[in-house]
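S.K.: Structure incoming, see below.
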Amino acid sequence: MTLQGKPYRLSDLIKQTGVRLTDCSNQFSDRFVSGITQIAQSVERDDIFVAFQGKTRHGVEFLDQVQSCAAVLTDNKGRHIMQSDCLPTRSTPILVTDSPRSDLIVLAKRVYPIDDIRIFGITGTNGKTSTMHIAAKLLEMMGISCGISTTIGSSASESDSCLTTPELCQLYARIFTAKQARADFFALEASSHAINRGRLGDIVLEVAAFTNLTPEHMEEHKNMEAYYQAKKALFLNKRSNSAVINIDTPYGIRLFKETGCSASVISENTKYGLDHKLFWQASVRRVGLSFGFTLISPSGYRVESSISLLGKAFALNTCMAIVILCNLGIDIERIDSVLRKAGGLKMVLPGRMEVFQTGNSPRVIVDHGHTVDAVETALVAAKSITRGRLITIINADGQRDPSKRKHLGQLCGAYSDKLFITDGHSRFENPAEIRRMILDGVEGPRRQVEQIPSMTQAVLAAIDIARSDDTVLCSGFGDDPYLDVLGKKIPYSLRDEVRRGLERFAQGT
């Protein structure tokens, strides 16, 4: 279903853009438009269906999935395809533009006006989602409303839901919906794909934050330099008014140097930037199963608190979230006060180092992290709290950077006492070949390694052999709402399968 925006007459929208109406009479000009979408399955009667060139197919090729709409917006190529292939339009007005991206932005801004809401964004390879949710949680604790654009909690029916950053129309619609709900802020994840493909439109961020950069999306960017340049674009050309940069990695240091000295920088390493007037010092310590942190501001103000999420990375991401909020003008004393009153930050992020345990069952952790760096972080965190054995379940996505699969096998084999290799989003790849590539990375004897194609069966097998002092780490899938196999998105919940496995464990069956 398309999120509804501000109703406009089609004729008024046309006048405000460079689109032209073709092959239809003026009777259509009185139609009202209240939504815009690029997702054919979600188009409704009063929507404009946007049909531009995609990565592999043109949007007009999906017209047969559109039941009814107010108009179709396409480019000259789309119009040519419609004419040559005699695609049905059901007497629907066809809008053709010579400037697809710029006209789409104008239309989206008219139907989904997003003035008067303050937007901040987070980019990087790992930590975007958790940092965004932590920032939103801190705002909520202070009584401040924040809308979010997220991959957490989406359903399989939302075709763009598992995009880190939604398509342009959906992003504007979500921000508008948050604004209508009287949100003060909106937080978004800015993926390299979204930045490259213009999915952020002409949105100017009040704060842009950079977490880190490690190898990922090499099927898209081909090399790390191209990947870095895509991320860097968010901090250039007035795309953001201020910045927060983690300089604990070489790419963070480089970004800071190349984008000017006005950014706030955060680091665990005191040798970086101590002379910088906007330097924030972070440090982390273990507190039981969770982590405490200390954050020292440029003025010397000290925040000491903790976060209930498992893993050092979440404590560091909390520090970054605090710096982001301070850059938005929120007093650090106010943030410190709510953390003290609450006894730390207590929250659950579905599929992000999420712990499941009942009675004397083994601890099961579900984590979305699928990059080499994120998987190693999860393995280290899980190993550190495990008295018994660490049993790991790993998968790798099809049609995504295959070079990391061997590294995943190497890491999981090194940290795990027992390893199950299973299938995830194989897409159009042979899942057995993906498993083999992971297995190739496992060093040493493989008697503790088992391939089980079914993720559900892998979960059950892992829980069945686990003892109460063992930990089962399900790495690489998280809370994804479906399995992407051979072009079909099959509804699936790993978290539900874990719950069922623990119920079976409790029953002794």
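Placement of Cβ uses the backbone N, Cα and C atoms for every residue, glycine included.
The ATP binding site annotation in Swiss-Prot covers GLY124, THR125, ASN126, GLY127, LYS128, THR129, SER130 and is backed by sequence analysis. Per Swiss-Prot, N6-carboxylysine is recorded for LYS231.
Tell me about the surroundings of these features in the structure.
M.R.: Taking all protein chains in view, 21 other C-beta atoms sit within 10 angstroms of the C-beta of ASN126 (ATP binding site).
DSSP assigns LYS231 (N6-carboxylysine) to a helical segment in the three-state reduction. All protein chains shown were included, and the count of other CB atoms within 10 Å of the CB of LYS231 (N6-carboxylysine) stands at 24.
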S.K.: Taking only the Cα atoms, work out how far LYS128 (ATP binding site) lies from LYS231 (N6-carboxylysine), in Å, as a whole number.
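M.R.: Answer for this pair: 12 Å between alpha carbons.
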S.K.: Between the Cα atoms of THR125 (ATP binding site) and LYS231 (N6-carboxylysine), find the distance and write it as a whole number of Å.
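M.R.: Rounded to a whole number, the Cα-Cα distance is 9 Å.
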S.K.: I need the CA-to-CA distance for THR129 (ATP binding site) versus LYS231 (N6-carboxylysine), whole Å please.
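M.R.: Rounded to the nearest whole number, the Cα-Cα distance is 16 Å.
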S.K.: Here are the binding-site residues: THR129, SER130. Which has the lowest count of other Cβ atoms within 10 Å?
M.R.: THR129
S.K.: Write down the Cα-Cα distance for LYS231 (N6-carboxylysine) and SER130 (ATP binding site), rounded and given in Å.
M.R.: 18
